[in-house]
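Feature annotations, reproduced from TrEMBL:
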DOMAIN    A:77-276  domain 'ABC transmembrane type-1'
DOMAIN    A:364-561  domain 'ABC transmembrane type-1'
TRANSMEM  A:26-52  transmembrane segment
TRANSMEM  A:77-103  transmembrane segment
TRANSMEM  A:110-136  transmembrane segment
TRANSMEM  A:156-183  transmembrane segment
TRANSMEM  A:204-226  transmembrane segment
TRANSMEM  A:261-279  transmembrane segment
TRANSMEM  A:310-336  transmembrane segment
TRANSMEM  A:367-390  transmembrane segment
TRANSMEM  A:402-420  transmembrane segment
TRANSMEM  A:426-448  transmembrane segment
TRANSMEM  A:489-517  transmembrane segment
TRANSMEM  A:537-560  transmembrane segment
Amino acid sequence: MSADLAARGAVVPARPSTALSGIGPWIAFALIGVFLLAFLIVPVCLVIYTAFVTETGSLTFGHFANFFGQTVFMESFINSVLVALASVFFASVIAVPLAYLTVRFEFRGALLIQTLGVLPLIMPPFVGAVALQLIFGRSGSVNLLLDDWFGFTVPVMEGLTGVIFVESIHYFPFILLNLVAAMRNIDGAMEESALNLGARGFRLFRRVIFPLAMPGYLAGAALVFVKVFDDLGTPLVMGVTNMLAPQAYLRITSVGLDDPLGYVISVIMIVFSIVALWMSARLMKGKDYATLQKGGSALQKRRLSAWEALLAYGWITLVLLVVLAPHLGILLMSFAKVWSFSVLPDSYTLEHYATVFTDSGNMIGNTLLYCLLSATIDVVIGTAIAYLILRTRLPARQWLDYMASVALAIPGLVLAIGYLRMFRDVTLPFTDTPVIASWVLIMLAYAVRRLPYALRSCMAALQQVHISLEEAAQSLGAGRMSVIRRVMVPLMAGGIMAGFVTSFITAAVELSATIMLVSRESQAPMSYGIYLYMQSVAGRGPGAALGVLAVVVVGLGTYFSHRFVERSRATVQSV
Amino acid sequence: MQKRTWVAAAMAAGLAWGAAGAAGAATVTVLTSFPKELTSAYQKAFEAANPGIKIEILNKNTTAAVAYVRELPEGQRPDVMWASAPDAFEVLARAKLLTPAPDTVNKNAPTKIGNFPLNDPEGMYYGQALAGYGIMWNTRYLKAHKLEAPREWSDLTKPEYFGHVAISSPSRSGTTQLTVETILQGEGWDKGWTQLLEMMGNAAAVTDRSFAVPDGVNNGQYGLGIVIDFFGLAGKYSGFPVDFVYPSVTAVVPANIALISGAKNADEAKKFMAFTMSSAGQQLLFDPKISRLPILPYDTLKAPAGYPVPQEVAKRAKVHFDTNLAESRYQVVINLFDQMVTFRLKELQAATKAIQEADKALKAKPNAQGKDLLAQARSLAYSPLVGEGNAKDPQFLELFKKSRRDVAVSKELTGMEQMWADKAKSNYAKAQQLAQQARGMAK
């Protein structure tokens, strides 16, 4: 593919980056390394070493042998892989047209569509599944209507199909966000040349635009794959147990924390996720996606013909309807007094919002505090790692990536128990508050668990910035720090923002680690509140109301960050 | 630059906030798995009656709660543990994480409910409310599917309930484990399992958390659910179109409260415990959104009209629940249920469907050979893989008590689970095949 493009003179062939010397990168490397060791690797090792020791503490691989002796685990493994692959496929079917249509064409409400398209991520997966049950479930609105009108029902929410359905809807924004960022970075001149050479329509998309946006797409797809592979909440809510994450969870939490098989499964999931990410990195290797011209001419926005517009709007409406169904469900639920076996609730009330506001107002503040801090940590570290990997030749720099990516595969529960074990007797500096009783651990757990998202986006963004741009600045006398600050970071802004937004909103719905680390209700974030209110037989209205608030708060945050990126792009272009 | 100052300020403010929160003196932290309506009601009532003391509710599901207490050092633990599942309290007591607080017990409460001791014989935890087991259903759902409301567990084995029943896995839910054990004790091991497996053949889902069952029945995903009583009652009294019944094979057992060892505010914590067991505290259980059975006799309380009386339910109940028996085979029951039902639900459903269809066909057009085949199919699908003899054998049970961290033990256990899984799968497949043959003979 790259040879193909290079032959057309579109892309400059890859060139070894100039070796940067000096002590700066080493310091950054050491700082990041220490952070990852302290807050990820060591705590996790404290927990998973259980998989490798016998009762007397001697080393063994016997637990692994026992694991592979069980067919239910092999069956679970195969199911997990199938579900993850299918979810990547369907998530792409949703995300690619949305991204292409909104970036490439003059489109009313493109920004709105991109923002709406991110909404699914804001909902904790288990809430999404609950809400989807109300709409598409066995006795959900759609099936009740179908049964009424036509006498049949559609079992989309059953078994593995249901898991794939929910996961695709939930995680497609990973692809959308990264793809949009990548496509915006494509040099319009590429498209011009392709057009001049006679490529049109689908061929243009397939041979030029999509390949150039490949880093973004692969970054997103790899995330979807890994996240689906170890998502726990969705299969559990759907009652599917024959997948790897639920098996690990059921083992750890029911047979008891002492059962090594749960940890064996965790280790296997970690290894598998790393292999998946490594393979996506391999696919990118030896290909150069950087383009030279920045800001001057982005992809040209084209007009759609009347027919095309009809088709495009039709498709987008359909997709948004399905994708936003959980939000509709949760919104109705938040106003519903009783909603049971009927297409719509029996009657409506504002009571649930009153309950939430009087009872749990501080949760909104907590969520914003933890998530803004953790997302900031993530993009700072993510950019730094991307820089060290792509622009320096430090030995073992790839290990930072591998280490950070481990977090993707760590069950929140495992990380949280690791934190509690590691920080047992440590107090916060300058106070006598124990670390485990403070919210700092919650925030750090968010930062660590979401770091891979930010990292993938930052790497993808930096891969698209051609090194010549930095070299040019350097040859004009700019120091390394000012090259980073004035050239590299601004050019990566879209990708960094995508990383920030993904980290921020997924941290806002993080639940498994939260439940374990919250030590006082006053420090609880919204995700915990939603979970709490949802565990009520007397009605889940307040939980739904808090869910709606979470969506609104985080949705606004996303919208404004998009606006921010648009504006900064406009500034760059006008310079 | 601006951004950095802002972040620093936020950090500092947050730290100050966190520190201030921890400094409060008489704060009792209550670790619980109970829903918010219940905990808020107790928190408000207690704080109003005891102005100097603040209650901090820390809600975690039972498993996470136990893990949380175990991981925390002394002096950092919450003060009170309050939950349904007795096994969680057993785990904590064995790890010396609970402290007796006999002075908190209300003298007006009986010492036994039915033949079940209200408080832990060792005095580590105390009964605070009562719960029985039964079936809840969604009235609209039953009407739409033209189904009768059930009265007994055996009703749930009928073919018309196919695909309408929900239960939680006993390995995930302490109350479901007690329900399953109650049926096994009420009907005897072999017959009990047959009935359970027939019921589970009709299951639409085996959920991971006990709460998912009442919720699914409330919103109409499932028609009927096997639940603890307050799940059904709270839904009903909160306005959902649901109802609840205690079958005659039920047991009434306590939900517990206990003092955690190394509590920071033990004295205040005891006051809270005493409050939950006092008349004022017990009266709160009648709140429609809570709907639990109190431990105190009704002559000292104001019970709503028509409210179930625990002593009567216990008297009617046929089961004399034996805690020791339940504990001795706890691991066998939950493992067997997971291997035969939770992980093999699809296969069990398919076998059940085939059996029910064959049964129907043979009733219309009887055939002796077909009847034989059908009986074989039933026996394959609905017999437990562990016989009563084994379930009583101390040597066999001993294996399940050993630590799984020992590779050899773990190997033996996983080998057994694997055998059960294979056996269950092939039995269900054979049963399905035999039933289809039997159906073919109904001519």
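Placed from the backbone N, Cα and C atoms, the Cβ positions cover glycine too.
Long-range contacts of the transmembrane segment (A:489-517) within the same chain, counting only residues at least 6 positions beyond its ends with a Cβ under 8 Å from a Cβ of the stretch, are 118, 121-127, 173-174, 177-178, 180-182, 184-185, 216, 232-233, 294, 367, 370-372, 374-376, 378-379, 382-383, 386, 411-413, 415-417, 419-420, 436, 441-442, 445-447, 449-451, 453-458, 460-462, 464-465, 469, 524-528, 531, 550, 554, 557-558, 561-562, 564-565, 568-569, 572.
Listed as Cβ neighbours of the transmembrane segment (A:402-420) (distance under 8 Å, sequence separation of 6 or more from its ends, same chain) are residues 33, 36-37, 39-48, 223, 226-227, 229-230, 232, 245, 248-249, 252-253, 257, 263, 266, 269-274, 277-278, 381, 385, 436, 441, 444-445, 448-452, 455, 510-517.
Pairs of Cβ atoms less than 8 Å apart link the transmembrane segment (A:310-336) most often to A:537-560, out of A:77-103, A:426-448, A:537-560. Listed as Cβ neighbours of the transmembrane segment (A:156-183) (distance under 8 Å, sequence separation of 6 or more from its ends, same chain) are residues 79, 82-83, 86-87, 90-96, 98-100, 102-104, 114, 117-121, 123, 125, 128-129, 132-133, 136-138, 140, 209, 212-217, 219-221, 223-224, 227-228, 231, 234-235, 238, 240, 243, 299, 322-323, 325-326, 453, 456-457, 460-461, 464, 494-495, 497-498, 501-502. Within its own chain, the transmembrane segment (A:204-226) is flanked in space by residues 1, 4-5, 10, 84-85, 87-88, 91-92, 95-96, 100, 104, 171-172, 174-183, 186, 190-191, 194-195, 273, 276-277, 280, 283-284, 287, 289, 291, 299, 408-409, 452-453, 456-457, 459-460, 463-464, 495, which lie at least six positions past its ends and keep a Cβ under 8 Å from the stretch.
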